Every structure is written in C-alpha cells, then in structure tokens.
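Record features, source Swiss-Prot:
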- His11, Ile13, Gly38, Glu60, Asp85, Asn105: S-adenosyl-L-methionine binding site (BINDING)
Amino acid sequence: MQRYNKLLGQHFIYDREVLDKIIDAATSVKGKHIFEIGAGSGTLSAAILLREPASLISVEKDKRFSESLSSLMAQYQNYKYTIGDALLIRLSSLFKQEKVTIIANLPYNIATHLLLGWMNELEQVREMVLMFQKEVADRICAQPKSKNYGALSVLVQLECKAESQFALAPEVFTPPPRVTSTVLKLTPLKNKWPRNKPVLEKILTEGFSQRRKMIKKSLSRIFKDSEALHSALAQVGASPTMRIEELNPEQLCRLSCIAEMD
C-alpha cells in the first residue's frame, strides 16, 4: 500500500456508498463532460465512469498513481488522466467548448485557490460538486452579519448559487484528516450583478481586513472624500456606521460600480 503524501493533502475515500453520495449531488452525470481533481488511485473516477459520462478527465499530481489510473483508462475509452499541477491547468486546455461538471474531493491545501481560479472560467462550467474542509465550506455559504461571512463568501456568491449538501466525518477518509469535511454544490448564476472587479476586490480587502470598524473608516481610502463615501453608501441602502459584514453581495457589487465613477 502506498504511503500518503501529507504535503499534497491526500485524504482518499474508498467507501462506495460515500462515493455514490458525492456523485448523486450532481444534477446529472450520464452523457456529461466531467472534470476531477486529485484522482488518487481512481476510486471516485471509477464510480463516476459507471454513470456513463460523455467523458471524464482527471488530474493527479502524484505520479505514483499513474499505474492505477492507466489501468482505469484501459477499461474506459471515455476516460483520460493527466499527471500535473491542477493550479496550472485551465479547463479550456482540456475541454473544447463543452460545458463541464466538476466533481472533486479537493486537496484542502489548494481548495480555495482552485475555486477562485474556476470563478474566472464559469462560462464553461455547468456545475461543481466539491469537497471542502467544513470551515471553508461555512465561509463560502455564509450570510451577511455572520462571523464566517467575508470576501470569499461575496466572491463566490456573486457568481454561483452555493448549497451545502452533507458533511463527512474524518473516519470516512484514508488517512483521516483532523477536520470535518463538507460537500458543496455550486451552480453558476445566469443573471449577475454588474461590478468593477478590481474595485470590488479592493473594497473586500480593505473592508474585511478591518471588519470590526465602521464602513466610514474601513472604506475611507476607496473614495476621494467622506462626502463621496456617504453618498455611495446611501445609494446602496447602507449607513456609514454599519460594518462591512452587514452589506450583502449585491450592495458591495453596486458600491464597486459607484466607486469606479467617483
């Protein structure tokens, strides 16, 4: 049995019922193009292939799993895998114009980076069923006025409908992680609020790095003066004495557009 690489965040699932539960969270797999990150020995890959997808492409960084994945590829003509760094791979380099469903037990040490990268390729994404550390999943789904609500919540919710599916205890994995895990379903939104992305990112960075301060203080460097800031806040239905965690994604989006024109 191969030794697991902690540096790569390797925690695999071998229980078929759990694997099926993950796949069932997707709207549909049969006839769809599927993308998987962190294939390992191919347990999730094999379970997906039994659902008859149009194609499945897996990425695995650890070349020690090449033999197992090559064996799987020999059994299924609609399966391919690549050994490489998922952070460096764009969907458009693996799929042509097809809409892609991403199903993955993500390596927790790069999960957020992967998700934010896919936020820039959503025109090619049908939906995503992803495993996260529970703490990260809670941040993604968090609502305004909650302690977990932050920049990640806003960036994801402006692009996708985020739905928590179920939690998995550490003992489901081999080796078991020290944290509970959560599977999320993320569906790209068809109608999105216009926003100035660079300004929005600056608002989120400034605001949430000083989340306990009133907006009139935390966002003071975004606008030319306090009058402009107060006017912008009034236009989005916010008060200068509010904290940024009280503003919903729509308000923050609109604020970025007003700041752009200021």
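Each Cβ is built from the backbone N, Cα and C atoms, and glycine gets one as well.
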Study note, to complete from the structure: The sparsest Cβ environment within 10 Å, among the binding-site residues Glu60, Asp85, is found at Asp85
Point to revise | Cβ-Cβ neighbours of His11 (S-adenosyl-L-methionine binding site) (radius 10 Å) | key: 23
Practice item. Within 10 Å of the Cβ of Ile13 (S-adenosyl-L-methionine binding site), how many other Cβ atoms can you find? Include all protein chains, please. Key: 20
Study note, to complete from the structure: Its Cβ having more other Cβ atoms within 10 Å than any other among the binding-site residues Gly38, Asn105, the winner is Asn105
Study note, to complete from the structure: If we take the residues His11, Ile13, Gly38, Glu60, Asp85, Asn105 that the record assigns to S-adenosyl-L-methionine, their largest CA-CA distance in Å comes out at 21
